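Colleague: Sharing a structure below in structure tokens format, with a few things to ask.
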Amino acid sequence: MGVPIGELLPKKELELENLNGRKVAIDAFNAIYQFLSTIRQKDGTPLMDSKGRITSHLSGLFYRTINLMEAGIKPAYVFDGKPPEFKKKELEKRAETREEALEKWEIALARGELEEAKKYAQRASKINEILIEDAKKLLELMGIPWVQAPSEGEAQAAYMASKGDVWASASQDYDSLLFGTPKLVRNLTITGKRKLPGKDVYIEVKPELILLEDVLKELKLTREKLIELAILVGTDYNPGGIKGLGPKKALEIVKYSKDPLSKYQKTSEVDLYAIKEFFLNPPTTNDYKLEWKLPDEESIIKFLCDEHDFSEERVKNGLERLKKVTKTGKQFTLDTWFKK
């Protein structure tokens with residue numbers, strides 16, 4: 001879900017090519033969820049192989065990653081670990097929402113209402129361990145590094161960006177800024193023409209760059225105050241925030257209150273100060289290596305085509321594109337591709 005503070009934040013529109021030569025840590029769960037939600041058949045059914053195993057995430061990961069690399073981007077994917085205890089309520093709520101959407105999807109299918117069915121099917125998307133392991137395996141075969149976060153993937157990606165190991169972190173959620181990423185790229189894995197939900201209208205989605213320094217300067221806040229603002233309007237750890245407080249009103253409160261959380265802690269079901277501390281000092285790890293390698297073409301064909309029934313012609317075309325990028329790069333050589 002993330003934090004609903006987007007309307008307050010200064011953003012810069014980018015072209016993918018503006019990120020040429022940049023290393024970017026991508027929130028893997030965020031990207032995979034997008035692939036599961038958008039890469040579906042007309043009735044909302046996800047792509048599946050002959051054994052009924054979902055493959056939408058593999059299709060998205062394979063072809064979208066190649067697109068990023070053709071633009072000169074060096075992607076690394078960061079996977080979630082164990083969520084904090086106070087995220088339990090939000091995860092339970094999401095599970096309920098998925099179950100409700102699944103029921104509505106089945107009803108819409110029975111009625112032959114394909115547009116409605118697809119809408120509910122997207123909301124029913126769910127990530128499980130099998131999908132995660134498949135995604136990691138594909139990335140390894142493609143020569144793309146992935147990192148296992150001890151807790152939140154966004155926090156780990158932000159840590160990597162703050163260390164300078166990557167140029168930016170990428171996610172749809174603004175939480176990355178709360179975790180301290182100096183640069184956040186949004187829309188990285190959904191760039192292109194996208195259909196608006198429930199409408200026969202398409203829009204052009206472009207990447208956005210948000211700089212933490214610009215955000216703090218624009219809002220006249222410290223990062224600590226930005227976190228307090230987010231808690232007041234609601235985060236994944238206290239969904240909905242404080243009743244009656246929107247972003248603009250919450251901004252005024254945090255600006256002029258030394259301890260804005262104290263007033264609301266008394267009636268909160270969760271420890272607001274624990275949430276603040278988690279954003280300031282989340283669990284992270286240095287146990288990772290960002291090494292980009294040549295793809296294992298034979299194993300990719302075996303994994304995608306033999307095991308999961310992908311079109312061999314399409315996969316081979318993708319591999320040709322991938323091979324071309326890793327051999328010549330876009331405006332950089334093989335030496336700079338492998339350079340950390």
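Note that the numbers count up from 1, one per residue, in the order the chain is shown.
Using the three backbone atoms N, Cα and C, a Cβ is placed for every residue, glycine included.
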Colleague: Can you match one of Asp43, Asp49, Asp80, Asp134 to the Mg(2+) 1 site that Swiss-Prot gives for Asp27, Glu152, Glu154?
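Modeller: Mg(2+) 1 site check in Swiss-Prot: besides Asp27, Glu152, Glu154, the record includes Asp80 out of Asp43, Asp49, Asp80, Asp134.
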Colleague: If Swiss-Prot gives Asp173, Asp175 as binding Mg(2+) 2, which of Asp236, Asp259, Asp271 does it give for that site as well?
Modeller: Asp236
Colleague: In Swiss-Prot, which of 303-311, 330-338 is tagged region 'Interaction with PCNA'?
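Modeller: Region 'Interaction with PCNA', as annotated by Swiss-Prot, spans 330-338.
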Colleague: Once near-sequence residues are set aside, which residues in the chain of Glu152 (Mg(2+) 1 binding site), 6 or more away, have Cβ atoms under 8 Å from its Cβ?
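Modeller: Correct list: Asp80, Gly81, Pro83, Pro84, Asp175, Phe179, Pro282, Pro283.
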Colleague: Quick one: DSSP breakdown of the region 'I-domain' (116-258) into helix, strand and coil?
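Modeller: So the region 'I-domain' (116-258) is made up of 66 helix, 22 strand, 55 coil.
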Colleague: Rounded to the nearest angstrom, how far is the Cα of Glu154 (Mg(2+) 1 binding site) from the Cα of Asp236 (Mg(2+) 2 binding site)?
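Modeller: So the alpha carbons of Asp236 (Mg(2+) 2 binding site) and Glu154 (Mg(2+) 1 binding site) sit roughly 12 Å from each other.
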Colleague: Measure from the CA atom of Glu154 (Mg(2+) 1 binding site) to the CA atom of Asp173 (Mg(2+) 2 binding site) and give the result in Å, rounded to a whole number.
Modeller: 9
